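For reference, the structure discussed in these notes is given below.
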Amino acid sequence: MNPAHLLILAAVCVSPLGAFSNRPMPLNLYQFKNMIQCTVPNRSWWDFADYGCYCGRGGSGTPVDDLDRCCQVHDNCYNEAEKISRCWPYFKTYSYECSQGTLTCKGDNDACAAAVCDCDRLAAICFAGAPYNNNNYNIDLKARCQ
């Protein structure tokens with residue numbers, strides 16, 4: 001095989017791998033981040049990524065407060081959405097609007113997208129109504145979330 005052809009073939013095969021490994025987060029989580037910023041504009045979305053027992057990766061034990069309970073409900077909502085055929089909430093994108101702190105899931109979403117959008121919308125609204133306790137950020141999960 002011609003060396004130039006090998007080089008092109010290698011570039012085509014390697015490029016998609018690089019694109020996937022460099023993606024910062026699934027697109028749905030990017031949308032969820034934007035929903036949070038819509039309802040809670042004065043706080044970084046990152047403040048919710050490692051809060052309590054349920055906000056962030058995984059979840060176990062008793063929620064530490066109302067905000068953590070919002071995340072527990074969101075986790076359960078995603079679990080319900082996964083029951084829809086071929087629905088993967090962390091990767092499902094959807095259509096929505098944010099207008100002056102109000103979130104609306106659009107009507108053109110399929111069943112999975114509508115469910116995931118509503119999960120994210122309700123969580124973002126819940127975050128806006130729950131007090132944020134700095135002492136519950138980055139807690140010791142083993143000690144407090146059994």
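The backbone N, Cα and C atoms fix where each Cβ goes, and this holds for glycine too.
The signal peptide annotation in Swiss-Prot covers 1-21. Annotation comment: Swiss-Prot describes CYS38-CYS98, CYS53-CYS145, CYS55-CYS71, CYS70-CYS126, CYS77-CYS119, CYS87-CYS112, CYS105-CYS117 as disulfide bond. The Ca(2+) binding site annotation in Swiss-Prot covers TYR54, GLY56, GLY58, ASP75. The active site feature in Swiss-Prot is assigned to HIS74, ASP120.
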**OP:** Whole-number Å only: compute the distance from the Cα of CYS70 (disulfide bond) to the Cα of TYR54 (Ca(2+) binding site).
**Re:** 8
Subject >> Secondary structure at CYS87 (disulfide bond), reduced by DSSP to three states >> reply: coil
Subject >> Candidate recorded positions TYR54, GLY56, GLY58, HIS74, ASP75, pick with smallest Cα gap to CYS119 (disulfide bond) >> reply: HIS74
**OP:** Compare the C-alpha of CYS77 (disulfide bond) with the C-alpha of each of the recorded positions CYS38, GLY56, GLY58, CYS117, CYS145, and give the closest one.
**Re:** CYS117
Original post:
Counting all other Cβ atoms within 10 Å across every protein chain shown, which of the binding-site residues GLY56, GLY58 scores highest?
Top reply: GLY56
